[in-house]
Amino acid sequence: MNDLRHLNKYFFKYKVRFLAGIFITIIAQFFTLYTPKLVGDSIRVLEHLSVIDANEVKSILLNNIFWILVTTLIAGFLTFLMRQTLIVMSRHIEFDLKNDIYEHYQKLSQSFYKKNRTGDLMNRISEDVGKVRQYVGPAVMYSINTLIRFVVVLIQMFIISPELTLYSLLPLPILAVFIFKLSNEINIKSGIFQQNLSKLSTYTQEIFSGIRVIKAYAIEDETQKEFKNLATESKEKNMSLAKSNALIGPLMILLIGISNLVVIFSGGLLYINGSISDIGVIAQFILYINMLTWPVASLGWISSMIQEAKASQKRINEFLNEVPEIVNKQSNHSVINGSIEFSNVSFTYEDTGINALKNVSFSVKKGETLAILGNTGSGKTTILSLISRLYDVDHGHIYIDKTPIEDLNLYDLRDHVAIVPQDAFLFSDSIQNNIKFGKIDATDEEIIAVAKQAAVHENIIRFKDGYKTVLGERGLTLSGGQKQRVSIARALIKKAPILLLDDSLSAVDTETEETILKNLLEFAKDTTTIIVTHRISAAKNADLILILDQGEVIQFGTHKDLLNKEGYYKELHNKQLAEKEIL
Ligand SMILES: Nc1ncnc2c1ncn2[C@@H]1O[C@H](COP(=O)(O)OP(=O)(O)OP(=O)(O)O)[C@@H](O)[C@H]1O
């Protein structure tokens, strides 16, 4: 039960609904008790037909029918209210839990997302929360209902005839054991079926995402075969589950029949030997036993719901207990102007053990532009990630405006850094909303202005729906270069004092690249800009240029300085110049 303890705070939050639900359930049970009593009374009256006037009997029966109707209607209405309170409470808890998990996910660091698969994250926030809701809703409701019904009905039965009560209850434990065993089996089979289903859907999702590759390599038949295998496996598991499920109904009917027989047989014997006064009691007991059969049968079902919820909550807790590696230590707001200094910074990625930066030192003043060049894997992106504090450094220090980066308010820092990542990710939304992502309340004029600075405006207005063009799965697919430029516009609209471009111009031609860089100089001249690039053309106008090799700074200076020195920059410059001349 330990894992489910996490949910107690939600029960406490909705205590009024919870207590009201319990109260209504108790009242509803009292009303359901009336029907067997009235049926018993009616049979009792019929038994004495010879001594009571026929008209009187008729009026008593009509009166009983009337009250059976009234009490049944009230019990039905109260049952509806019980669902309205307890099941609605469970929906509220489900909503809160999903929001809490989502909020926690957002706080977790990059390394957490690297360790865990997206499918798993999604499963825990949807499937697992769904299973937990079964516990806070139906399982709790039926447990309360079963408990109260048992107490109320058993007391009533004992008052009427303790002896008949004992006989009548005999088959119930057998019923409970059978149903419990069957439920367990169903539970295990349903788990296996779910696993299989998720394998099948993961496979299908992957195939459809990579449909272009599948078609290009003409491997449709192979993927079809694999799909068929997985689907067959899934069908077999489902068949086996259906067989077990099909046993529940007949088993219930059999056991209810046996219970009724036991009541009639033992009740008849007790009536003959005079232990019970009238036949009405037997009819009353048959109804009581039927009232108890379903709660007993549901015990197995409730227990499997609780087991599943426990397993799901355990998985949810695993993520909720993850402590974010990057924490905000500054509650006061931080003002960020934009000067950046790296002092002997070293950084190793924990999971791969790759020592991405070694003793890196450099500084950039507010409003300056720094270009970082270097072979792939030399640590360029890592520098940008450290400035956004996606990771904390192992050794050395990063200062922003002379303040150690860890002492700045994390949210202010990230709010003041606009980053254009290497793989420009755009949401399946309109171009306008994708740009607005950088500033939610941006006006149309602002959006157009940044699109012009990112040299993408002309492309956008040529689309039929212009800025309202929807991108992504159900919309238009932008070219690599267009994507990069929309993503630059999104960063520019933020008007942050620090702008980080991670190889963000790689898919645009050098002419467009030049236009964008010129615009940056003009419109973002107070912005500290770091441009990671592989091209001399993008670096040559920067105030400073830094060359990295296997995590170490091998050159640092201005374009002019570096051209005058033998080394990586001069070599790359001459190579790219030669290539341009050939073209
Ligand atoms: N998230 C990560 N987890 C583990 N290792 C990583 C991670 N990101 C990068 N690395 C490793 O760290 C090293 C530096 O990577 P980084 O992305 O900073 O290089 P880069 O210079 O930006 O490369 P490129 O020019 O190809 O983008 C590489 O060896 C890379 O494999």
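Backbone N, Cα and C atoms are what each Cβ position is placed from, and that goes for glycine too.
Automatic prediction, not curation, is the source of TrEMBL annotations.
TrEMBL has this to say about the protein:
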DOMAIN    19-308  domain 'ABC transmembrane type-1'
DOMAIN    340-575  domain 'ABC transporter'
TRANSMEM  16-34  transmembrane segment
TRANSMEM  65-82  transmembrane segment
TRANSMEM  139-160  transmembrane segment
TRANSMEM  166-183  transmembrane segment
TRANSMEM  247-273  transmembrane segment
TRANSMEM  285-306  transmembrane segment
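Beyond the transmembrane segment (166-183), the same-chain residues lying 6 or more positions past its ends with a Cβ under 8 Å from any Cβ of the stretch are 157, 244, 247-248, 251-252, 255, 258-259, 262-263, 266-267, 270, 285, 288-289, 292-293, 296-297, 299-301, 303-304. Across 16-34, 65-82, 247-273, 285-306, the stretch most heavily in contact with the transmembrane segment (139-160), judged by Cβ pairs under 8 Å, is 285-306.
Long-range Cβ contacts of the transmembrane segment (247-273) within its own chain (Cβ-Cβ under 8 Å, at least 6 residues beyond either end) map to 161, 163-164, 167-168, 170-172, 174-175, 178-179, 182, 186, 279, 281-282, 285-286, 289-290, 293, 297. With a cut-off of 8 Å between Cβ atoms, the residues of this chain six or more beyond the transmembrane segment (285-306) that come close are 4, 32, 35-36, 39-40, 134-135, 138-139, 142-143, 145-146, 149-150, 153, 156-157, 160-161, 164-165, 168-169, 172, 175-176, 179-184, 186-187, 248, 252, 255-256, 259-260, 263-264, 267. Here the transmembrane segment (65-82) has Cβ contacts under 8 Å with residues 21, 24-25, 27-28, 31-32, 34-35, 38-39, 141, 145 of the same chain, all six or more residues outside its ends.
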